[in-house]
Amino acid sequence: MQDKPLALIIDDEADLCRLMQITLNKMGMDTHVAYDVASARAFLADNHYDFCLTDLALPDGSGMEIVELVTKTTTTPVAVITAHGDVNVAIEAMKIGAFDFVNKPLDLPRLRQLAQSALKVNETIIQSTEDDIPQDGSQEKSVSTAIPPNPLTGELVAPTENDTKTDTEHNTETSKDKPQKTGQNSTKKSKSSTPVTVVSDDEIFGGRLIGDSRPMKQLRSTIKKLARSQAPVFLWGGSGTGKEVVSRLIHDLSGRRNGNFVPVNCGAIPSELMESEFFGHKKGSFTGATSDKIGLFQQADGGTLFLDEVADLPLAMQVKLLRAIQEKTVRAIGDTKEVPVDIRIVCATHKDLADLVQKGAFRQDLFYRINVIEVKLPDLNDRRDDIPMLAEHFLNMIAKDWELDNLSLTDDAIDVLTYHNFKGNVRELRNILERAVTMSDSDEIDAHHLMLDDIHDISESDDTPSHVSHDDIITLAPSEPATEAINTTANDIPTPSNIIKVSPYHDQRPTYTANTVIKENKEPKPITPGLNIIASANYGTPLSTPKSQKISPLDSNSASQAFDDLNSSEHENLANGELPSQGLEAYLIDQERQIICNALQQAGGNKTQAAKLLGMTFRSLRYRMKKLDIDDGDDE
Ligand SMILES: Nc1ncnc2c1ncn2[C@@H]1O[C@H](COP(=O)(O)OP(=O)(O)OP(=O)(O)O)[C@@H](O)[C@H]1O
């Protein structure tokens, strides 16, 4: 018969210990109790625990000592008990490796939740690899400053027989009142009783976090450690460095992986809707609230809430967010009850949040609360060794996606990429390659297909490469699809099961990058005689025609159906200086779709001919058709 999970409770209040014991026993756990640091140390020396819970104020020392000891020498998740409201101490404990905390007076449902999370942490043991770089002075400078000292030091190997001894030697003398042990199997505990899945690094990271440079090895090692904690994580790095990728990995590797991962772009939610989006609302609570709505916090209950661009939160919302994070409860607009939520917060920004705190634009208390573990993501320019590997990875992805043969880069192209100044980081690299593939009709991508000379000039003169305004740009090449989070294929994510929930505000902003733009030319650019395209669509925005409605270019009915809203009176209105009712992006997408359908019709469905008419390569046309959901018909 399998052992029950074993917990160690450390607190000098006997009644409280008894209450915790009863609660954990009812959950099917065995328990040991120690009333001081010395007896806890003795228990820890002789047993392997699945969960450890310690008070901070103990008669002969601090619970922090226990946290340090447990995280340095075992894989056991250790939580701390804090006096109510003493969040600062809880944060300090999490910085040195505590996986979570519970307040006094003790809330039993919260204790149960904590214990359950602890057991889940033990379910996946990630095989240690050579990538696991010890966090000592041997790190490169950029990494050691990026990651706070010793955030979580748990070893990531399954416990072995050597990890533990039997406790027969000391089981009577470890506590002033004798340590209390409950349960049948509590005295011989040689290894974790939680069913363990062993996952290799390749299974976890394969294809998702490419890079063999030292900063990337360090990052992978940090992610694995963070996955064993509930501590809030703050990801800081330039646009396109992979903050969302890292956030998803932390979720997928953690005990929360069966809950939802809810990404939300804080900068994309109109401020008047923020409270309702985050916390939900009751029907009738304001004009337009026609039904009850569950907020993002509740959607992420049991999982992870990823607050991207957290620096963009208005101050009023920061106060409400802080309260929800601290209290672990939310109240929907128009509701009278608080609802408990169990979420882990991961935040990200490319802005200097500490600077915003100084300037009064970001609340210090919220900054302190979300910035428990800070991880700085390295710029691509600081890990150039990874560029060939990343390029190969993206070419393989593009080839698979567009059903092309093997694509490759010439040596010259690799050189050009390796020396390019990437202001948009990995996303920019991917966009450059996507464009290069559309520009080349061969499977071999050469330096000139990358078109990096032009880009260099542009990016040099552009301070905000990743968020260029609509007004002065024309997109030349597709930027990253906004629906990536939804469309990610099993192939992209070879992970433990994950349920991805995408909030309506996730990544809706346009994803222009400097490399995909040319400066404005007010005059529409004639591409071929008779065709006047003012700009190509930005593929980073949702299509105005729903995905399910595939357009057949040769079926004039279905094509015209898609453009019903672009009636002639609208064209007249536009000519008179009015703005498109469906918004610029949707308008441009419809325009592009219509023009391509026209060209295909004129060419009798022959894509090669249609591409010529449009002055683009065959491959570029096929790519655009795919993005715009225009029926591909037979391959030529
Ligand atoms: N190390 C990596 N390996 C493979 N793909 C990566 C890596 N880093 C980033 N990417 C890819 O680059 C793109 C941008 O990544 P991501 O969205 O995570 O960046 P970000 O830092 O969150 O960007 P932003 O700040 O603009 O939101 C995605 O397509 C992602 O899959």
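Each residue's number is its place along the chain shown, starting with 1.
Just so you know, glycine gets a Cβ as well, placed from its N, Cα and C.
Note that TrEMBL annotation is computational and uncurated.
The compositional bias 'Polar residues' annotation in TrEMBL covers 136-147.
Taken from TrEMBL, the feature compositional bias 'Basic and acidic residues' covers 162-180.
Under the heading domain 'Response regulatory', TrEMBL lists 6-119. Restricting the average to the domain 'Response regulatory' (6-119) gives a pLDDT of 92.
Summarising the annotation, TrEMBL assigns domain 'Sigma-54 factor interaction' to 209-438.
The 4-aspartylphosphate annotation in TrEMBL covers ASP55. ASP55 (4-aspartylphosphate) carries a strand DSSP state (E or B). Listed in sequence order, ILE10, ASP11, ASP12, GLU13, GLY63, VAL80, ILE81 are the same-chain residues six or more apart from ASP55 (4-aspartylphosphate) with CB atoms under 8 A from its CB.
Summarising the annotation, TrEMBL assigns region 'Disordered' to 130-197.
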Tally of residues which DSSP labels helix, strand or coil - the domain 'Response regulatory' (6-119): 55 helix, 30 strand, 29 coil
